[in-house]
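Visitor: Here you go, one structure.
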Amino acid sequence: MTILIKWAADAPETELLRTEEPAEIRKELSTLGVRYEQWPTYDLAPDADQDAVLAAYRDEVQRLTEEEDFTLVDVMRLKNTGQEDFWEKAKAGREKFLDEHRHDDDEVRFFVDGAGTFYLNIEDTVYAVLCEQGDLLSVPEGSTHWFDMGEKAPEFTAIRFFHDGEGWVGDFTGSPISQNFPTHDQILASRAAA
Ligand SMILES: [Fe+2]
């Protein structure tokens, strides 16, 4: 289940909204130009490669690609199969986009499995969207945001959509704001405790 939490950017201690209701999440996010969809999910082999993932989601990928004129689609997979450098790689991958930044292209991700939280900082409001299997989220180009895949279980498979192979560079704002808000692991734990 997706979770949406909303705070004033200068008041991370007070949640203005917390919801796991997809229709409410879609409504909140659509006012920001953020696309949020839930797709049907398919069982995949544990060792499914990029082609197998894209074949399973062919119809949805094609629809979205046509609607949004994407020119590049790929699959990012972070999976712990016992490789020696897994935790080191996961840590580096997490830290890469944990600070506030923006891109020249939309950041569009469909979660085939695993989870991650996108945080958008738009007009003095921070929106955290914890995405899980079956969730698609788009962060519009130029929007300030950060992403946390968590430290405890940083495994996920995501289909990524691009308009431009070059647009994916992060332009970091230098703001420490991301440190003020609960992490992906903390949001997950807060749901378990509720
Ligand atoms: Fe990003």
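Each Cβ is built from the backbone N, Cα and C atoms, and glycine gets one as well.
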Visitor: Which one of His145, His163 goes with His101, His103, Glu107 at the Ni(2+) site, as TrEMBL has it?
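Guide: It is His145, as the record lists it for that site.
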Visitor: Under a criterion of Cβ-Cβ distance under 8 Å and sequence separation of at least 6, what residues of the same chain contact Arg109 (site 'Important to generate the dianion')?
Guide: Gly116, Phe118, Cys131, Leu136, Leu137, Ser138, Ala158, Ile159, Arg160, Phe161
Visitor: Listed recorded positions are Glu100, Asp106, Glu107, Arg109; which sit with C-beta under 6 angstroms of ligand 1?
Guide: Glu107
Visitor: Could you check which of the recorded positions (Asp106, Glu107, His145) sits closest to Glu100 (site 'May play a role in metal incorporation in vivo'), going Cα to Cα?
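Guide: The answer is His145.
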